[in-house]
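A.B. asks: One structure, as structure tokens, below. Some questions next.
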Amino acid sequence: MSGPRPVVLSGPSGAGKSTLLKKLLQEHGSIFGFSVSHTTRDPRPGEENGKDYYFVTREVMQRDIAAGDFIEHAEFSGNLYGTSKAAVRAVQAMNRICVLDVDLQGVRNIKKTDLRPIYIFVQPPSLDVLEQRLRQRNTETEESLAKRLAAARADMESSKEPGLFDLIIVNDSLDKAYWALKEALSEEIKKAQGTGQS
């Protein structure tokens with residue numbers, strides 16, 4: 001594969017993946033394209049269908065998963081999340097590097113495909129900092145917060161598995177984390193720019 005490789009971003013909720021991704025798309029919008037995931041959860045305030053997620057019913061999503069339309073899917077807190085093949089193809093059709101934001105289960109599923117992306121794990125400096133960030137969102141109940149923190153602890157342990165990720169970024173400072181992300185993707189950015197994009 002001579003063109004730029006897709007990028008898989010993973011990490012616990014509240015680690016800063018979305019913020020890093022927004023910065024990357026603001027600076028390099030003509031090079032990167034975000035693969036919009038599907039979910040059965042309700043939209044949060046300010047989220048747009050087709051931009052942040054495709055918000056669908058469980059019935060629709062289960063039907064499409066059964067039909068083999070998804071690269072990866074997972075269930076978390078009673079909601080389904082997943083990346084459709086069509087969403088990735090839509091980004092690639094624009095000659096952009098496809099960025100996928102998936103959980104650890106999704107990473108393991110993608111490892112079984114022929115996608116060959118760069119795998120990057122974004123983690124908070126500590127679980128205490130993560131808890132603080134999640135509480136500031138005001139979107140979690142105590143029960144869902146406890147679930148997210150337990151999942152984060154497990155993800156941060158699993159991320160150490162040899163060969164699972166190409167890079168682990170500790171997001172203790174947004175600027176430093178963003179610099180590390182850009183540095184890791186510099187080769188792919190050059191490849192994409194070499195195909196006549198700016």
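Cβ from N, Cα, C; glycine included.
Per Swiss-Prot, N-acetylserine is recorded for Ser2, and the stated evidence type is similarity to another entry. Residues or ranges marked as domain 'Guanylate kinase-like' in Swiss-Prot: 4-186. Here Swiss-Prot flags Gly14, Ala15, Gly16, Lys17, Ser18, Thr19, Asn171, Asp172 as ATP binding site, drawing on similarity to another entry. Positions annotated as substrate binding site by Swiss-Prot: 37-51. Residues or ranges marked as active site in Swiss-Prot: Arg44, Arg137, Arg148.
I'd like to know what surrounds each of these features in this structure.
C.D. replies: Looking at the domain 'Guanylate kinase-like' (4-186) alone, the prediction's average pLDDT is 92.
Of all Cβ atoms in the shown protein chains, 24 besides its own fall within 10 Å of the Cβ of Asn171 (ATP binding site). Under the DSSP three-state reduction, Asn171 (ATP binding site) is assigned to coil, being neither helix nor strand.
Note: Glu47 (substrate binding site) has non-local neighbours Tyr53, i.e. same-chain residues 6+ apart with C-beta under 8 A of its own C-beta.
Taking a C-beta cut-off of under 8 angstroms and a sequence separation of 6 or more, Arg44 (active site) has the following same-chain neighbours: Thr139.
In sequence order, Gly14 are the residues of the chain that are 6 or more apart from Arg137 (active site) and have a CB within less than 8 Å of its CB.
Arg148 (active site) is surrounded by 19 other CB atoms, counting those within 10 A of its CB over all protein chains shown.
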A.B. asks: Please give me the CB contact count at 10 A for Gly16 (ATP binding site), counting all chains in the structure.
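C.D. replies: Summing over all protein chains shown, Gly16 (ATP binding site) has 21 other Cβ atoms within 10 Å.
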A.B. asks: Fewest other CB within 10 angstroms, which one of the binding-site residues Gly14, Pro43, Pro45?
C.D. replies: Pro45
A.B. asks: If you count the C-beta atoms lying within 10 Å of each candidate's C-beta, which of the binding-site residues Ser18, Thr19, Ser37, Asn49 ends up with the smallest number?
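C.D. replies: Per-residue Cβ counts within 10 Å for the binding-site residues Ser18, Thr19, Ser37, Asn49 bottom out at Asn49.
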